[in-house]
Amino acid sequence: MIIELAKNYGFCFGVKRAIKKAEQIKDAATIGPLIHNNEEISRLQKNFNVKTLENIQALSNEKKAIIRTHGITKQDLEELRKKDIEIFDATCPFVTKPQQICEQMSKEGYEVVIFGDENHPEVKGVKSYVSTKAYVVLDKKELQNIKLPNKIAVVSQTTKKPEHFMEIVNFLILKTKEVRVFNTICDATFKNQDAIKELSLKSDVMVVVGGKNSANTKQLFLIAKTNCEDSYLIETEEELKKEWFLDKKHCGISAGASTPDWIIQKVIAKIKNFKIN
């Protein structure tokens, strides 16, 4: 059986930056998980004493706080600045971009449509920078019964599929006088999604490695599953089952943007140990 890695996979720029920052700072607390990968979070806690707190209210005697890659709300940032604590911002620059756009567009009188998952921490943070009105949607149908203003700005969660974002944009163009469109989908997301699409079309089994609470990993899995019925989403090599690979000729592997290489290599090693001819 051939084992092939996607052309683009794994750690993105924002995650690499955050991990490096956490390792250098040490002895700190992150507000929410730094990234969406439980194994890497455990490694940071064990080796660098970087612990994860649920929220700002959980801070007690910590001296250093790290803002997660997904960012935090504007209100939480203001609250954090009032505390006697050193702040290190690990928000991905691709996430900071829609925050800044929302703040500026609001000042100019635009209401904002955010294409994304309302419960995702990134989207919560972005929405908090809108001072007019924000509409968070996952589908154009959610906009059909809303009385839209004359001026709308549109941004996207960084991990969404571009074609779905364009469905929202095309709907708004037909419904309102002025639409300002900002492409806030991360370039790494484009590349990883294109790569897994290409690989899944020629594989008869796919393994996607990443946190099951990771939006970009789940998106990769959905693309793989669309093209390759026998696709599996795992967090560690412990979840692999030999029967997945029996009678298979081509195994494709990809990984989410928060998945470190050391986990991916463990997955590959275990698949090889199954000794599938």
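Cβ atoms are placed via backbone N, Cα and C, with glycine included.
In the three-state DSSP reading, Cys186 ([4Fe-4S] cluster binding site) counts as coil. All protein chains included, Cys186 ([4Fe-4S] cluster binding site) registers 24 other Cβ atoms within 10 Å of its own Cβ. Look at Swiss-Prot and you will find Cys12, Cys92, Cys186 tagged as [4Fe-4S] cluster binding site, backed by sequence analysis.
What Swiss-Prot lists as isopentenyl diphosphate binding site is His36, His70, His120, Ser214, Asn216, Ser258, and the listing cites sequence analysis. Non-local neighbourhood of His70 (isopentenyl diphosphate binding site): Gly32, Thr91, Cys92, Val95, His120, Pro121, Glu122, Gly125, each in the same chain, at least six residues away, with C-beta under 8 Å from its C-beta.
Residues or ranges marked as (2E)-4-hydroxy-3-methylbut-2-enyl diphosphate binding site by Swiss-Prot on the basis of sequence analysis: His36, His70, His120, Thr158, Ser214, Asn216, Ser258.
Sequence-distant contacts (6 or more apart, same chain, Cβ under 8 Å) of Ser258 (isopentenyl diphosphate binding site) comprise Phe11, Val15, Ile35, His36, Asn37, Glu40, Thr69, Gly210, Gly211, Ser214, Asn216, Thr217. Here Swiss-Prot flags His36, His70, His120, Ser214, Asn216, Ser258 as dimethylallyl diphosphate binding site.
Residue environment of Glu122 (active site, proton donor) contains 25 other Cβ atoms, counted within 10 Å of its Cβ in all protein chains. Residues or ranges marked as active site, proton donor by Swiss-Prot: Glu122.
Counting in whole angstrom, Cys12 ([4Fe-4S] cluster binding site) lies 12 from Thr158 ((2E)-4-hydroxy-3-methylbut-2-enyl diphosphate binding site) by their C-alpha atoms. Per the record's binding annotation for isopentenyl diphosphate, residues His36, His70, His120, Ser214, Asn216, Ser258 show a top Cα-Cα distance of 15 Å.
Separation of the C-alpha atoms of Cys186 ([4Fe-4S] cluster binding site) and Thr158 ((2E)-4-hydroxy-3-methylbut-2-enyl diphosphate binding site): 5 Å, rounded to the nearest whole number. Sitting within 8 Å of the Cβ centre of His36, His70, His120, Ser214, Asn216, Ser258, and not among those site residues for dimethylallyl diphosphate, are the Cβ atoms of Ile35, Thr69, Glu122, Thr159, Gly211, Asn213, Ala215, Thr217, Gly256, Ala257.
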